[in-house]
Each structure stands twice: as C-alpha cells, then as structure tokens.
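Everything on this sheet refers to the single structure shown next.
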Amino acid sequence: MKLLLSKPRGFCAGVERAIETVEKALLLWGSPIYVKHEIVHNRHVVQGLKTKGAIFIEDVEDVPVGARLIYSAHGVSPAVREQAKKRQLIEIDATCGLVTRVHSAVKRYALQGYQIILIGHHNHVEIIGTAGEAPDVTTIVESVEDVKNLNFSSQDKLFYITQTTLSLDDVKEITQALIVKYPHVETLPSSSICYATTNRQMALREITDLTDLVLVVGDPQSSNSNRLREAASTRGIESYLINDEKEIHPEWLLGKQVIGLTAGASTPEEIVQKCIQCLIELGVNEVEDIVYTHEDVVFQLPKPIVNARFSVD
C-alpha cells in the first residue's frame, strides 16, 4: 500500500505568526495571557497553549480590566476592539495579514457608498469579524441560491469579497452567478482567498486522481480543513477529516492501493507525522511526497511583541 503526501500542507505563515505571538507573550509577561477565540482552529494547538498559561475567551467582558488580550488569526470586529479599549486592555493583534487586507477593503468600499457582498460561512468567526467593519451595508452570501435571493438594483454600487479560507470551486460558482446577475459588481484586482488555502487545495488536486482514499488531518472547526476534504469528495474520492492518528479507522484501508494525506493550515506537522506512522503500522510500505509548490511566506510578529523583545534584549 502506497501513501502520497501532499505538499504544501499544515501550518501557513498566518497560523505560525499567531501561535508564536501567544508563546512569546507568555514568555515575556507570564501567565495569564488572554486570547479572544481559539488562536487557530486546532484543539491540539489550543490545548498546548492552555497548559502554558493561555486563557481562551469569547466575551471580552471575561477579561480582567487592564489585562493583555490577543486577537486570534481570524480577526475581530471594530466593536470588539472598542469593548477592549473600554476595559483598558492591552491589545495584541495576531490577525492574519491576509484577513486584515479583507477588513480594510470592506471598510474602504463601504465608506465610498458601496453595498458589500461578503462571500463566506455565516457563523465563521472570520466572517463575523469582517462583517463587523460595515454591518449596515454588508450582506453575507454562502451559496448560489443566496445570490438568487439578492435584491440590489442596477443603480446600487456593489462590491464583493470572500472569506480567505473558502473552496476555490465554490467561490467560482458563486462569483460567476453574482457577475451574471450584477455585471457592474466590483471586487479586488486579486483574489482574497489566501495563498495557503489555494496552495493546499491545488496540491491536493495533484494527488486525488492517483488515490482511492484521502485523509485530511485537521480540526472539524477548521474551515480550510473542511474545504480540503470536500475538494477530494467532490472528485468522487472516499475522504475523511481526522483530528489525529487516533481517528484513523483500519477498515478504511481495506482494499485500498494508494492513500493520499494532507493537512489543514492550522494542523501541526507533528500530528501529521503520527498519522503517517499509524498508516505504516496499518500496512503502508511506500511513502512519497508530491510537491505542488514551495512556500516561503513569513509574517512579522505584532509590534507589541517585537518592541517588548527589543526592550528586553
């Protein structure tokens, strides 16, 4: 039985920056450090940071006045930032730079009088934060059916933008429907789907046609991990989303010749390696890397972390 490893996979630059932000904050100022929402959507990462002293909260009111609060990679709305200021919290922003780009675009176009069409999943924390930049003029669209139900006129100035972790195929269908209905709709010159989401989906496509089973290592809450599993499934390949090696079912491998393995952008490589070892113990006797592209993107740590490190040095 052969195992094909999709590359790139696992951590992206935004996730690495967010995790390092929490770790460095704990080293610089000690516990507790408060984090708004899970820093990234992966239970192994979150649990590891909890044991080091990070406290994850959903409501800013749960943070003691004057404490340090880190914003997760998914971003937050201006209302959350205002709430933090009222509590005199020391804010450390670990929002992914690519999410910040989307926030900035929504704010800019809203100020210019546009109606914002935000393509994404209604309940995802990234979408909640982005929509909060201009809640009165933002409409969230999740499907082609949602596009059909839009009631804008040809006189309305329209701008669309997407959640950074969506399926390339889904976005293509939705944007095509949007452009057909509203030919005058505007968007950014380049896609707002992040490079890592795109690379992981394209890398997976390189192996799906060669496999009879695809395993995606990622948390059920992780949007990009779910989109990876869907990408394989829509191509008719049996596929499963697993948290770690403990969720691999031996019966999945019965009769299989080639297995594909990838991981979402918030999945640690050590978890992937445990999954590989488990598959070897279950009968895999050949492992091959299939490389789509190499990534060398690095995002600078938030200024409060950088400045504190320099002052300590």
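Glycine residues also receive a Cβ, built from the backbone N, Cα and C atoms like all the rest.
Site annotation (Swiss-Prot): isopentenyl diphosphate is bound by His74, His124, Ser222, Ser223, Asn224, Ser266, and the candidate from His41, His44 recorded at this site is His41. Site annotation (Swiss-Prot): [4Fe-4S] cluster is bound by Cys12, Cys194, and the candidate from Cys96, Cys275 recorded at this site is Cys96. A straight line from the CA of His74 (dimethylallyl diphosphate binding site) to the CA of Cys194 ([4Fe-4S] cluster binding site) spans 12 Å.
Fewest Cβ neighbours within 10 Å among the binding-site residues His41, His74, His124: that distinction goes to His124. There are 26 other CB atoms within 10 A of the CB of Cys96 ([4Fe-4S] cluster binding site), with all protein chains counted.
In terms of Cα distance, the recorded positions that sit within 10 Å of Asn224 (dimethylallyl diphosphate binding site) are Thr164, chosen from Cys12, Cys96, Glu126, Thr164. DSSP gives Ser223 (dimethylallyl diphosphate binding site) a helix state. Counting only same-chain residues six or more apart in sequence, the Cβ atoms lying under 8 angstroms from the Cβ of Thr164 ((2E)-4-hydroxy-3-methylbut-2-enyl diphosphate binding site) belong to Cys96, Leu98, Val99, Val102, Glu126, Ser192, Ile193, Cys194, Thr197.
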